[in-house]
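In what follows, a single structure is set out as structure tokens and then discussed.
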Amino acid sequence: MSSHGAPIPMTSSACGPLTGEARVPGDKSISHRSLILGALSVGETRISGLLEGQDVLDTAKAMRAFGATVTDHGGGEWSVHGVGVGGFAEPDGVIDCGNSGTGVRLIMGAMATSPISATFTGDASLNGRPMARVTDPLALFGAQSYGRQGGRLPMTVVGAAEPVPVTYTVPVPSAQVKSAVLLAGLNAPGQTVVIEAEATRDHTERMLAGFGAEISVEDADEGRVITLTGQPELKSQKIDVPRDPSSAAFPVCAALIVPGSDVLVPGIGLNPTRAGLFTTLREMGADLTYENERVEGGEPVADLRARFSPDLTGIEVPPARAASMIDEYPVLSVVASFARGDTVMRGVKELRVKESDRIDAMASGLRANGVAVEDGPDWWVVTGRGHGNVAGGATCASFLDHRIAMSFLVMGMATQKPVTVDDAGPIATSFPIFEPLMAQLGARIQRDNG
């Protein structure tokens, strides 16, 4: 069942060439952080190109609950009048973060070092995800948390009245955990240090520096060492949100597997901590080029051009690349189905605790559509069948996971028989215009109204 109402089954069928321009929404990671850092700064932050998916709208609502003034001016233009570091008010009601693991974890961090309490909940998917990986480091600051068995939502977090700075080594690569600790460190005196053995997306570090925080990043023997000086006065900013590479993945990958396709995806953020999928696709032999490369707001940006690539070859994806493409493995596994040979993906334990167990969700759906998959605790291997040889014909469970739903709809565009997703409703959390955008390119996606 969809997180916001009755299930919305969709079926995707083989189509003619995908052509044209795919203007995907603003980056989800940067959209969340823009609202949260705007709320923690002094003055008015103006945001252009904000992703208006449900996840980000839930974060905007949460920032209002903590006392910030958040205004939607229309057309992706938003403003946030912040309350300053340490200025969060105690919310009157429960904070509902919907489907968003990013939203709830970052907000928990942002409030954990203020002398207030907040209760968090979400949809069925989010309430099943473990939160201890965030609440454990927040406890080091002095915050307390009370949730359901297994550290799950609903959960009340009691912020530290007298927070202390923390040095924390992130055990499993996670930008959400790292960011929660850094946001908590904002209102702790002294220096908070985060050490990550493998680099994860660095939007939080870049944006904290942009808002005026004293933050340094160094490479050491133990990994990346991020040092933040607490209790700064963050200054409001003007933010232009680049378009989301995780959303761009879907029209790009669809173009690679649908014969005759030629799709341009303009203005995509190519932060090196996010661009692992595109590097991997090129190594597989994808006809994927970067055009008009530039820097906007401190982030590298380019227009992506993807063309049908009939001779894709399976590869072993370097485990060190996992953090830079963790959300893209589901759709990569779809492309791998149309390649020749094995695509080996290791070091991806994080996929087991996303919106769904993404390895299990994709493996079962791929097998149902005639593709051989092997998997283990932190790895999986997809044996490609080559262009034109993927059967399709199955109904796949989305497990309330937007990326699983979109991945199987992309698959159906090039399989012999249509592919159905049991509930595509969660797509609205990150890519509300997915269906019309893909249809405009030439995809055949139908809602199954029973």
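The backbone N, Cα and C atoms fix where each Cβ goes, and this holds for glycine too.
The feature region 'Disordered' is assigned by Swiss-Prot to 1-23.
Sequence annotations record features per position, and here Swiss-Prot assigns phosphoenolpyruvate binding site to LYS28, GLY101, ARG129, GLN176, ARG358, ARG403. Look at GLN176 (phosphoenolpyruvate binding site): DSSP puts it in a helix.
Per Swiss-Prot, the feature 3-phosphoshikimate binding site maps to LYS28, SER29, ARG33, SER174, GLN176, ASP327, LYS354; the stated evidence is sequence analysis. Neighbour count (other Cβ atoms within 10 Å of the Cβ, all protein chains): 24 for GLN176 (phosphoenolpyruvate binding site).
Following the DSSP three-state reduction, the secondary structure of ASP327 (3-phosphoshikimate binding site) is coil. A C-beta separation below 8 Å, combined with a sequence spacing of at least six in one chain, links ASP327 (3-phosphoshikimate binding site) to SER246, ALA249, LYS354, ARG403. The active site, proton acceptor annotation in Swiss-Prot covers ASP327, and the record cites sequence analysis as its basis.
In this structure, the binding-site residues SER29, SER174 were compared by how many other Cβ atoms lie within 10 Å of their Cβ, and the smallest count belongs to SER174. In the region 'Disordered' (1-23), the DSSP tally of helix, strand and coil residues is 0 helix, 7 strand, 16 coil. Taking a C-beta cut-off of under 8 angstroms and a sequence separation of 6 or more, LYS28 (phosphoenolpyruvate binding site) has the following same-chain neighbours: LEU51, GLY53, ASP55, VAL56, THR102, ASP244, SER246, SER247, SER430.
Shown in sequence order, GLY101, ARG152, LEU153, VAL353, LYS354, GLU355 are the residues of the chain, 6+ apart in sequence, with a C-beta less than 8 angstroms from the C-beta of ARG129 (phosphoenolpyruvate binding site). The closest partner of ARG358 (phosphoenolpyruvate binding site) among the binding-site residues, by CA position, is SER174; the full candidate set was SER29, ARG33, SER174.
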